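Student: Please read through the structure below; I'll follow up with questions.
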Amino acid sequence: CAMKPLISAHTCHTTAFAVLPARTLSLTACMFKRKNHNTDNSSLEKEEVENDEAEIEELFQQQIPTGIGEEEHRVFIVHPDVKWGSRKQYLTTAALQMEEAVGLVNTLYNWSVADKIILSTKTPEKRRIFGKGNFQTLTEKIRATPGVTAVFVNVERFSPSSEKELQEAWGVKVLDRYSLVLHIFRCNARTKEAKLQISLAEIPLLRSRLRNEVANLDQQGGGSRYIMGSGETLYEMQQRLLKERELKIRSALERLRRKRHLLRSQRKHRDFPIVSVMGYTNCGKTTLIKALTGDAGLQPKDQLFATLDVTVHAGQLPSHMTVLYIDTIGFLSQLPHQLIDSFSATLEDVTHSDLLIHVRDISHPETVNQKVNVLNVLKNLQIPERLLNSIIEVHNKIDLIEGDPEVIPISALKQHGLELLKEKIEEAVVKYTGKQTMTLKVQLNSPQLAWLYKEATVQAVDNVGDDCTANVKVIISQAAYGRYRKLFQVT
């Protein structure tokens, strides 16, 4: 974080004095003990971190449910075009949904699209999704396409029986949006928190696979047999192991959540306003934060789900007020709630923000549909009403800046419209955090000015008088102003 200038009002002095040899020895021994004690604590903490990392990596690598592996894939994409009913999409088209499906596949290294097809269906809820004629046509086309190693059906989630039947019909791995996006997450996961949340999101897939495997064993007469000496059936034992795995993941996530809560408390104590930047995946959130903060460490990527973790970046507003921008995971349409719920630890930071910025890629043909999906996810996350009412909508990726009072048009890449956006952010931060602009009379021969630089935003120091006082214009929170009055006995 960028630090504010701090004027020190104190000077340290050292005094030499004689000490008896016995006292010196005693002090030295005491210091040596303390040093050893600190070293021991440091070693224990390091060992605890290493153990945590080893446990998380073990949980992450155990029982990968998608069974995709790291090899390259040639994927046949199928998009079911639902003609009517509750599953029909009204804010988009089949062609645009297919385009997004192709984007998901191309996000993965060494994956390519072998072929694609849009097929109409009146029965998306059935195991085979399509009617008899269309399903037969599709099966023949998949089998006739050379080199196909997987089929991606662009639906939210298969039922276990549907997955099994499709896999048997086509003879290759079949994927829905849930399993494909999880695989993308798994490939992009770098931090402990991301790995744990992905492992938690994979639990429903592992349960589905377990039910399928037990059903197959039951058909062979083996699923309900008791394991010798255990008093458990195979299914009961596997269920118990899966439950134990889930509890370990949740326990490790809770430890990380407590650490995140501590970091949040420290940020709040410093009184930095928190601004969360939200949006559909690949809408330009990271590019915008880089433009607002000048953070050279941010490396935006033109791909889906490049950001899986919450990262915090400090930037300054026109008044020199420091704010912290939170970069978050992007959203996607047609994802089950379990997947979003699994990332609740990451998205918890959003609910504790002072302000939300909703970035929209206004150049995208599905920009309206994407907006609806983002707002629906925010509501499902139980974002406080005060935050939902204070959203600043930003239209990104435009070439022409036009006046529109409802939204702020920008181009983060070309750095257009950023000053206006900063002004709007500052207005909203002052309004929603209860900060106020004040002019205080400050004694310059006291620590008052240094304290204000540290705890508030100093905008100007004017009218320095012969009496060693000045008028200092600041933006300060009510809590900080209360501490200032109490500390310096200002009335």
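Quick reminder: no glycine exception, Cβ is built from N, Cα and C everywhere.
Dumping what TrEMBL says about this protein:
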- 279-286, 305-309, 327-330, 396-399, 411-413: GTP binding site (BINDING)
- Thr286, Thr307: Mg(2+) binding site (BINDING)
- 273-433: domain 'Hflx-type G' (DOMAIN)
Student: Far apart in sequence but close in space: which same-chain residues, 6 or more away, have a Cβ under 8 Å from Gly279 (GTP binding site)?
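Tutor: For Gly279 (GTP binding site), the qualifying residues are Lys285, Gly330, Phe331, His358, Val359, Arg360, Asp361, Gln370, Val374.
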Student: Cα of Thr286 (Mg(2+) binding site) to Cα of Ser411 (GTP binding site): how many Å, rounded?
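Tutor: Pair distance, Cα basis, whole Å: 13 Å.
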Student: On the 0 to 100 pLDDT scale, where does the domain 'Hflx-type G' (273-433) sit on average?
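Tutor: Summing pLDDT over the domain 'Hflx-type G' (273-433) and dividing by its length gives 83.
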Student: By the count of other Cβ atoms within 10 Å, pick out the sparsest of the binding-site residues Lys285, Lys397.
Tutor: Lys397
